[in-house]
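TrEMBL annotations:
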type	residues	note
COMPBIAS	299-317	compositional bias 'Basic residues'
COMPBIAS	330-349	compositional bias 'Polar residues'
COMPBIAS	391-400	compositional bias 'Basic and acidic residues'
DOMAIN	4-126	domain 'PX'
DOMAIN	158-217	domain 'SH3'
DOMAIN	228-287	domain 'SH3'
REGION	287-414	region 'Disordered'
Amino acid sequence: MEDIYVRHLELLGYEKRFFPSQHYVYMLMVKWSDLSEKLIYRTYPEIHTFHKSLKDMFPIESGQIEKRDRIIPSLPAPRWLWESEKSRETTKSTLAEYCQKVISLPPHISRCKHLSNFFKVRPEDENPPAPNTLKRAETFLVSRDQARGVASEISAPIILDTYRVIADFEKSTKYEITLHTGDLVEIVEKNENGWWFCQCESKRGWIPASYLEPLDGPDEAEDAEPNYEGDEHITIQAYKAEQDDEISLEVGETVEVIHKLLDGWWVVRKGDETGYFPSMFLSKAGKRERLNPGGQRPPPRRSTIRNAKSIHNKSRQRLSQDTYRRNSRRYFQQKGSRLSEPQRNSKNAAKSPLKERKNQDNIPEMSGSSSESELKKEAPVIPPRPSPELILERCTDNTRKKVSIHKSQSSSSS
C-alpha cells in the first residue's frame, strides 16, 4: 500500500494559550491523499526547525550549493516574525504563504517522509492540555484571502464564541458536521441564512443555528429587536408554508422584513399578513445579493427539533404572529397620527403616550420662560380616557383573558 502524503496545507490562524505558560500555537488544516482532513497545532519554533531540517535534506533545492537553484521557500526566524506582526510592514513571506509554497514543491520534496511525519496528528492535537481556569485561550483567525497567500498579515484577534449542541445532528452533505447533544463547539462564522460554521475538536463544518444555544443563557437576547417600519426585500425563491406561523410567497414578491432572527427564519410582512420565511430566499431590494451563496437548504426551525435538551431553566421565548400583526397595526396608526398632527406649539396640544406615561401622577411641568423653581399655575392637561374597545385592543393577551373571566363572573352573579 502506498504511503499517504499531504495534498493540501492551510493556515487557519493561531491560538494564544496560557497553560502551562503563555505561548502561541498555529492551527493548520492538513488534507491528506486519502481524503482525510486533520486539524493540528504547531508552534512557530517547531515549524522553523522543520524548515531548517528540510533545507539540510535538500541542499541543492535550498540553494546551499547554487543560490539560483533554490526552490524551497524562505521562512523568517521566530523573533523576526513577531517583530513584523507588531509593525505590520513586512513584505516577505509569512507562514500562510509558506504553507502554500511548500506543498507546491516537486513530489520528491512535498511527499517526502520527513514532511509527512511532521504534519501527522499528534496526541496533543486531539487532546490539548487542560485550559487555564483563570484565562481563556484567544483564537486569532486568518481570512480566506490570507490563507490563499494573497495577503501577508494575520488578522486582528477574534475570540470565538462557544455554544452547546441541544440535539443530535447528522450531516447530509460533506460540508456539514455531525454533532451530538451536549457537544461544545466554537463558532467561526455566523451566516444570516441560519447556517453557522463551527469547529469541534478536529472537526469543522456547517450546522443549523437552531441546534445551538449559548452557555450563559437563552439566546433570544442575541436576536435583533423587531423593526415594524420594515426593511424591503424581494423573494428570489418561492416557498410554501409548512407550519401555521409561516407564510407562502412566490418569486419576485416584495415584502417587509420586520424581525431578523439568528436561526435564519425572518418574520416578514406582506400587506396585513405576517409569517416566518427563510432568509436565504430573500434579497435586499435594489441589490443583487444572495444570502444563500452555498446553495444550502433552509435550516430546520427550533420548534421542529425533536428531543432538544437545553441546560437552561428559562426556555427560549418567541413572539406570536398575532403580536407581530397587532404591533404592526399600532405602528401604522401611530405613524399616521404623527403625519396628520400639526406642530405642537400651543400649550393645550395632545401629549404623546410617552409623556402621558411619565406624567401619570399629574405632576405640573416646569415653564421654560419662568424660573426653574416656579411651577406652572395652570392645571396640567388630562388626556381623554380611551374607549374600552381601544383598551382591549392594546392590552396583552393575559389581561384580555382576565377581563373576559371577570365579565363572565359578574354576569353570572347578577
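Each Cβ is built from the backbone N, Cα and C atoms, and glycine gets one as well.
Note that the structure is a prediction, hence the values are computed from the model and not measured.
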(message) Same chain only, please: residues at least 6 beyond the ends of the compositional bias 'Basic and acidic residues' (391-400) with a C-beta under 8 Å from a C-beta of the stretch. Say none if there are none.
(response) 322, 326, 330
(request) List the helix, strand and coil residue totals of the compositional bias 'Basic and acidic residues' (391-400) as derived from DSSP. (result) 8 helix, 0 strand, 2 coil
(request) Please give the average pLDDT for the domain 'SH3' (228-287) in this predicted model. (result) 90
(request) Would you mind splitting the domain 'SH3' (228-287) into helix, strand and coil residue counts from DSSP? (result) 3 helix, 29 strand, 28 coil
